[in-house]
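Annotated features in TrEMBL:
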TRANSMEM  12-35  transmembrane segment
DOMAIN    83-207  domain 'Phospholipid/glycerol acyltransferase'
TRANSMEM  314-333  transmembrane segment
Amino acid sequence: MNLVNSLKGLFFYLFLTVAALFTLIFAFTPAASLIFIHRQFHFRICSFIVGHFLLVITCLLEDFLNIRVVITGDELTKPNVRSIILLNHRTRLDWMYIWMLQSRFKLLDQLKIALKSGIKRIPIIGWGCYHNGFLFLHRQWEKDQDEMKKTIEYYKSSQTPVSLLIFPEGTNLHNKTKLKSNTYASKQTTFNRPYEYCLHPHTTGFTYLLKTMRSNDIIDTVDDITIGYEGEISVTELDLLKGHFPKIIHFHIKRYDVNELPEEDEQVSEWLKKCWDEKENRLEEFYTTYQFDLPSKRFRNHRTEANVQVERRLALLLLIIFIIFWSYCFVAYTSVKLYVLAIVIFQSAVQIIINVDDQRPADHRQD
């Protein structure tokens, strides 16, 4: 079984790489030129391309790796809601697993993610995230503050609903980060207790994001989502490659109208800490019972689940046809070979620009 799962993990990464490469070269890059013609349409078409790609990944996760999903709490069914999504960072793959949740609410097109800046330097995957308007953070406050401001203004100019996923803990949970987090938190006047199941949240980034999105009028809700794992926990990308897949991933949703949150920065900071204290309690109970709450009635509906399954499998089929078509064109036509060469040169130049931009000096780490 371990050998079979390892082969599955290897195929997953190989297909992910090939699919991302073809999507970047033959879909994303042509769409990039639209930014000079119509900024809003460029944003929407890039978001659609990424949403389709993420839906394909959910198909591999659920139908190929056989990962099940259980959803409890509030539903995210109201359309065109602009939000900040808060998620505890149990593993380095949480940001990928949440796509399975978002697919059930048809929110993948509007999903943007706050990631560590190093990810955008990863060929293919990083380039795609960069072009799609993901938020990249350096953990250097002056740099991050400027990056957040520019990204939020970009979202506003797109005139398109956005759901921005952030990890207030800053990094994923393991023994070293847990010790560091508890030690740091214990020195704060508001320290409550050491955490076992999550890390203490950094409040500065969330407070600034909330204020900036409020001032730009591009936020309606804050969605607090707690993720828990049943079965093996694949903490890193290598664990997935070795064939260690979670059996079931649980998501618990708590949706807050943005008007329910306080206005003052200090009160917002305290709200987030309270939110995380509740999350710690929730996770402590979860890892005893492996259940957050009774599953949402919506997702105990077999017809609903069947529809979601058809959508993701159709997305996979269309992407496979897309790859086969452009593979044939690459082999058959010199013009396509020259196009691919030009795109590789262009993306390499973009990568150089990104790397130079990352070298700008900045001070003060984020609290």
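Glycine is treated like the rest: Cβ placed from N, Cα and C.
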Report summary line: Across the domain 'Phospholipid/glycerol acyltransferase' (83-207), DSSP yields 60 helix, 18 strand, 47 coil
Report summary line: Taken over the domain 'Phospholipid/glycerol acyltransferase' (83-207), the predicted model's pLDDT averages 90
